[in-house]
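Taken straight from Swiss-Prot:
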ACT_SITE  R177  active site
ACT_SITE  S226  active site, proton donor
ACT_SITE  E296  active site
DOMAIN    34-197  domain 'FAD-binding PCMH-type'
Amino acid sequence: MTARKDSDWRDMLPRVQGRMSFDAPMAPFTWFRVGGNAEALFRPADLDDLIAVLEVLPPQVPVTVVGVGSNLLVRDGGVPGMVIRLAGPFATIDVMGDTITAGAGALDLTVARTAEEAGLAGLEFLSGVPGTIGGALRMNAGAFGAEMKDVTVSAQALDRAGNLQILGPEELGFSYRRSAVPEGWIFLSASLKGRPGKPADIGARMAEIARVREESQPVKVRTGGSTFANPEGHSAWKLIDAAGCRGLVMGGAQVSEKHCNFLLNTGDATAADIEDLGEEVRRRVLETSGIDLHWEIRRIGIRRDAS
């Protein structure tokens with residue numbers, strides 16, 4: 001990023017136990033492998049470390065939380081403020097009865113496998129959701145006929161001031177690919193409800209999910225997952241295909257030939273290439289169908305060409 005005009009907030013930060021980096025590259029933390037730098041990137045060692053930073057961070061400083069970057073596009077101009085990446089101690093998974101408590105940094109697939117081992121059905125869909133539990137909560141992630149609102153009993157989060165909040169279904173306010181939790185709040189964990197099942201049956205369902213993903217989606221390339229949310233009563237990919245966008249190229253970005261609701265970095269794309277391609281897809285779909293597609297991929301930061 002370009003140098004900030006006001007660096008006072010950085011001078012206020014406490015000594016941390018985790019890792020604090022400034023002007024830190026973000027591309028390595030996204031599946032697209034594109035984007036600019038974070039003004040500050042913080043990987044806290046534990047909850048106390050995270051709270052200590054939030055308590056002194058001025059409220060005007062943006063806070064952005066990222067996981068493994070599977071459904072994320074970081075713009076080329078970088079991300080102002082504080083980017084927080086949760087891993088390690090925030091990725092624990094515990095089983096008690098028919099409930100799994102998973103840290104926000106836990107991989108969705110790992111949670112699904114833990115449920116399988118514990119003989120808890122109902123969480124198999126998470127094996128088809130690339131990313132972490134924190135991201136799944138934020139966007140009410142779903143796949144293969146289920147979504148987070150179906151299994152989430154409660155969640156823990158920190159508000160912008162570092163206060164612990166316990167969120168039930170009403171506070172979470174799940175809707176299609178959204179939650180009502182304020183931006184800037186940081187999910188810490190989720191309690192997920194399963195139901196008794198046979199590990200063999202659960203494993204077979206997960207294997208079927210993996211097979212379908214492998215056959216229908218570009219899972220071994222630089223992509224950000226499903227690009228656009230499905231409009232009510234429609235499949236985004238069908239609208240995109242009908243608009244003639246399958247295989248469409250812009251710079252180093254391409255609409256996947258295999259599944260046209262996926263955008264690809266073919267090797268040398270910029271974030272602008274990917275975003276501009278997505279906007280061109282939206283324009284063509286609106287022109288041909290009258291339907292306005294909405295981004296499902298989370299776009300953060302500023303464009304390099306922004307005035």
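Quick reminder: no glycine exception, Cβ is built from N, Cα and C everywhere.
Not measured: the values here are computed from a predicted model.
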Helix, strand or coil at S226 (active site, proton donor) [DSSP, three-state]: strand
All-chain count of other Cβ atoms within 10 Å of E296 (active site): 19
Overall pLDDT for the domain 'FAD-binding PCMH-type' (34-197), taken as the rounded mean: 96
